[in-house]
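Engineer: Would you mind keeping the following structure in view while I ask a few things?
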């Protein structure tokens, strides 16, 4: 009969765990990553005694009432057993010891270490030590020869070495293993085992087989293998009767061989497939204790009965088989590994008989009806041929995860969190003294803390700003109950309770599978359930999102819930702003992306900030604004303890994009994260909620600012195509900033393309305005929205100005920096430009409308005023919609001049015209809509060029105009700083005199002159529009003005 595999139980925190029995077999002793040694009276012992030996315990050995442990403080300690009193330090290493072992009589301890050394220490006198040097990498395991002459050790350098203890020399070194640089990276722990008693054989796990080496000759005499072993063997252990060898594998398979017949007599699979890292036989040989890398402890029981046939060697195969034949037929198992018609004893030199005489595939075990057993019987080859049941090797169904409540710790704990969310904490206590529930609020203004007696045995709780909800399961006598403490109710009935009918839930709707968990927020309900059976460790979960407002609708209807590979759901909920999100057991946080068709976007991986594999973060809340993931760090476990009160940590969000180490990648990640995390505004407004418009505007500004920064970076890297792609995502206002930036960077083709994009965006805006005017009832709401857009534009422009000034400061020389503030975009309409100038209506009753680019500088004052005194008061919601005058956007997109007043423009035009008359070689200026070229005051360089032009032409008579300017620039730069400054001061002096003159004229002429100036300007600009402009001459003027 197959042996029984007991359910695994939690023993230590996640990580390497070891197990052994005491000499009598009464206690199971384990050690683990939490630094504790636990002493279990049985597998069901819920309160084991424990001894803390350090931060981590790597290995343990027990003999004659002495407990030896290897801990993380690089020592091998000794404690009394079972009292656990410290009994000194046996030895020290420069790094941690990896494995310890007693000899057969308990007088010596061997310890291997990560510093490549093996030490043999006398227990009675630790000063008597022998050090075995020779390994070239950390030591994996050590084992004593039962006769105490030799010691075997395995190392990460790939070798298994047998040492002579007295002489401290190597007897033989066998290169059998794969090399690695550390124990944690080794494919196998390679725990060696010497056969007890006479010590005839040394068992060495090599990949998926066990090699047996004969003591003395050190010859490889036999190999134990099994077809079902697909992953490396980690640990081997001999039974006390010396007849059987047990092995634990990386994939969780446990195998027991009869060494004499080389038959596999028992196979068991770890219930979760975790790696088995330690094995120990009970002194009676009836059961095996084993541990895994997750810190759990398990037991195989009943081995004495399952291996009885192999323990009693049969003299007559026919007699043996008469008893077992029926059982073999039932189990459908035939082990054909033993040689045909050979005695049970085996020939040392003959390994060829592993291929059976029948010619069938060797050792093809079949699954039994018992799901936990893979086969357990002995069948010598003399048995009649039994028809085999086909072996299923396809995907294995995954056990569905149990239902749970997000924000609560497991129900079997005596002290647990029944709920921890953004409102408060509900703690449950169920021990000998008390069965109670404590409710505590993060903000005591919501409600004071409450202490409730839990007489009904509530196991589920939830907490909101208005009520506490408790529920208990049904018993044989009582129905399950739902209790609500409605503390925010304004009437006197603050508590109600309802019995749920037995075997029935009052359902408004049915789900396609068993519920895993649910979460609610406002009018939204999120439900996750099993939609099917998962395979190969995957969970097949479905999700439904319902909106239970007046318009009841299903937002997500049963789509599969994406999880990381071989993970399960560990938390489900909503952000504080109402966006569904969840966390899986791999620590990946995903949030609903409503703008992408209700898909789930990964926004954080909590495992990236964990220091150890066994550490986890327990999520308690998610916030989109500010962007915060609130969670509790759990060292060595998945759940926090209730006492002391755990501290909440705040983790940042990060989208898993490429190249996040570069500046470009970081800005891209920030941009897309900002878009995702501010998507909730549109959902809330469409659902009829009031939203924080200031925060929404701020988020849009942040996104546009990031686009502008990425645009500037792409310009520097000369990625103009990418610049255009970025511009398409910008608002119209920011595109105009981008045009200005491109023109300053002397990227004409890019600026031209951007102007076309800006034109498209302005046309779209005008179309939208026309649609708004057609929709009368929408007036007031749209108008207020447009007001907000104007405020946004002003802020965007101001930020763009700052960004460009910063760039200029970095790139320009000091003398050019003085010109920067005055410099304007040189572009104007070319003859063949598709953009036609449109006349701009001006009237005395309405102020003149300037183009968008004029606003870019003139709006700075208003922006500064508003920022200094807080936000300007918003217009009331119901405000009459005044018709807005058409802007001059279309006609003047490419013209970058900023004008403050009409008078200044006239004065500058006259100055520039006079200046151009002095330059006969310069082509006549063309007709930009506002004629930006003529508005600029002279610079120091222009004055210098006027005086020195003749000498330059005398030296180089053949120069073109552009070459003259280049030559002049070179000469001007060779002047000393004082000389250049004097020219600049002269230029400023001229413009200052003109300004004074203008002020005097204004004082004399009064308002009448102002209107005359306006007329003069209008006439002048209309006359100039008739002139044509040659592109090359325009470029030469641009080069002249730039320098």
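These residue numbers are counts, starting from 1, taken along the chain as shown.
Heads up, the Cβ atoms here are built off N, Cα and C, so glycines get one too.
Because the structure is a prediction, the values reported are computed rather than measured.
Pulled these from TrEMBL:
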{"type": "DNA_BIND", "residues": "934-988", "note": "DNA-binding region"}
{"type": "COMPBIAS", "residues": "766-777", "note": "compositional bias 'Acidic residues'"}
{"type": "COMPBIAS", "residues": "791-800", "note": "compositional bias 'Acidic residues'"}
{"type": "COMPBIAS", "residues": "801-822", "note": "compositional bias 'Basic and acidic residues'"}
{"type": "COMPBIAS", "residues": "845-857", "note": "compositional bias 'Polar residues'"}
{"type": "COMPBIAS", "residues": "858-881", "note": "compositional bias 'Low complexity'"}
{"type": "COMPBIAS", "residues": "888-901", "note": "compositional bias 'Polar residues'"}
{"type": "COMPBIAS", "residues": "909-919", "note": "compositional bias 'Polar residues'"}
{"type": "COMPBIAS", "residues": "963-988", "note": "compositional bias 'Basic and acidic residues'"}
{"type": "COMPBIAS", "residues": "1012-1023", "note": "compositional bias 'Basic and acidic residues'"}
{"type": "DOMAIN", "residues": "934-988", "note": "domain 'HMG box'"}
{"type": "REGION", "residues": "761-1043", "note": "region 'Disordered'"}
{"type": "REPEAT", "residues": "9-41", "note": "repeat 'WD'"}
{"type": "REPEAT", "residues": "132-173", "note": "repeat 'WD'"}
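How buried are the listed features, and what sits near them?
Structural biologist: Note on the DNA-binding region (934-988): its mean pLDDT in the predicted model is 81.
For the domain 'HMG box' (934-988), the DSSP counts in helix, strand and coil order read 44 helix, 0 strand, 11 coil.
Here the repeat 'WD' (9-41) has Cβ contacts under 8 Å with residues 48-64, 67, 69, 71-72, 79, 81-82, 84, 277-284, 289-298, 612-614, 635-637 of the same chain, all six or more residues outside its ends.
Here the repeat 'WD' (132-173) is broken down by DSSP into helix, strand and coil counts: 0 helix, 24 strand, 18 coil.
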Engineer: Just give the helix, strand and coil counts over the repeat 'WD' (9-41), going by DSSP.
Structural biologist: 0 helix, 16 strand, 17 coil
